[in-house]
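Visitor: According to TrEMBL, the protein carries these features:
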DOMAIN    5-152  domain 'N-acetyltransferase'
Amino acid sequence: MNSTYVIRPAVESDVLGLESLDKHSNPHPWGRTLVADALEVRLNWVMCEAQNPNTIVAWLTASRCVDQSELELVLVDSNVRRQGIAKQLVQHWLDSLNKQGVAEFLLEVRESNLAAIYLYEALGFELVGRRKQYYQTETGRESACLYTLVSPVGRG
Ligand SMILES: CC(C)(COP(=O)(O)OP(=O)(O)OC[C@H]1O[C@@H](n2cnc3c(N)ncnc32)[C@H](O)[C@@H]1OP(=O)(O)O)[C@@H](O)C(=O)NCCC(=O)NCCS
């Protein structure tokens, strides 16, 4: 891992840092209420500066139900993209939950979001379906691509 940054679980007091990350780097910002809700009810990890744990450069939030987990958002500060940060964070989610018995990982992504699609495919996710016209865009609607990764329990 890049030694400038470390991964840690998010805590409630990260809400302002995550709200700022969401506001400045998320092309479809969630806003404070959804960020706070995610911190309260989901699993959350952040990538932060090793020397300053309050400086957050990336966030991953996911839900879990028994042996399945669904990625809700992975978001990297637009100033530090293409350094492998999202890949490390998503791999951390997979490894952490797989050790706890999660075997199936799910996500959906806008079909226009090629950066995310390339990221997920590089990590082994497979396209299993589409929800047509699922997302609103500035000019109309676009489909959601549904991806899964099934992994033997206890991997990593
Ligand atoms: C998608 C996103 C999380 C990627 O973060 P990142 O830290 O820049 O990604 P990484 O550096 O870990 O990239 C890993 C791999 O993903 C693919 N990838 C990432 N960004 C890419 C881009 N802009 N174009 C093409 N491929 C890309 C590449 O295969 C890359 O490997 P490489 O750099 O060795 O070629 C980031 O662009 C982002 O935060 N986007 C806005 C939020 C979002 O759309 N999240 C996903 C939907 S939930």
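The backbone N, Cα and C atoms fix where each Cβ goes, and this holds for glycine too.
TrEMBL does not curate its annotations; it predicts them automatically.
Can you tell me where each of these features sits in the structure?
Guide: Per DSSP, the secondary structure of the domain 'N-acetyltransferase' (5-152) breaks down as 51 helix, 59 strand, 38 coil.
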Visitor: Along the domain 'N-acetyltransferase' (5-152), what average pLDDT does this model show?
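Guide: Summarising the domain 'N-acetyltransferase' (5-152) by its mean pLDDT gives 97.
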